[in-house]
Ligand SMILES: *[C@@H]1O[C@H](CO)[C@@H](O)[C@H](O)[C@H]1NC(C)=O
């Protein structure tokens, strides 16, 4: 009796260990380098990925999987020093002319000046939902975790577990919400000195090239992998078609009061642009979803 429960415990530990091990996504298994002619590299047996940018080219990668909903974490360490003019984009996107997209974009700056974290959401090809933030740490000194929770009710952008933005499903008010097009993860490092730093005033200083951004600890263990061959999601129970919330509590996750307070703290202290507060840009009235509580 005792020995059989001990061996059960041992087997469970092995299984749990295996799951933890495999979910710490290996870049070789999860991503393809898509461009940059050798400037993107997967290192340390798949534990680290680096992108680089020089005067002739940037570089990028994309996920092998497509996802339809997920809670996806990635750790990034951004281009250090004088990174003005460079943009590191990390986003989810579907394909086609009415695509959906969920964006993190990191706009570099002169040494000592703050990066801007730019966020946007596209539904059916329409974006114009920008919010921008400064960070409460130097994103070039260390790796930090950038997460997207995407479920049918909301999209939550988080940094080191602190929510910085929530985009709620406002379909009941006629606002399209990304929920039927599977998306891939993309990332790229490129030169955007025509607009990125102080509206394009500061140009990329190529004497600092190559510029490098690093990635590690990708985690898609809580994401629904979409199979286009069978049009099924890994979250669907074998009998039903919709995602099973009991197996995937994040599919109905919302912000509790503590995290709502954290969100308000970020918005009060670190938000530098909010399309929902830009009445000059929308003289006919703010976008519908902005009136949602
Ligand atoms: C760069 O630093 C300046 C000065 O602090 C700031 O106004 C700007 O928002 C920063 N970020 C970018 C991307 O320009």
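Cβ atoms here come from the backbone N, Cα and C positions, even for glycine.
As the structure is a computational prediction, the values presented were derived from the model and not from experiment.
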Region 'Disordered' according to TrEMBL, located in which of 210-231, 232-253: 232-253
Only counting partners 6 or more residues apart, tell me which same-chain residues put their Cβ under 8 Å from the Cβ of residue 105 (active site, proton donor). 87, 88, 89, 90, 91, 117, 118, 119, 120
What does DSSP call residue 109 (N-linked glycosylation site) in the simple three-state scheme? coil
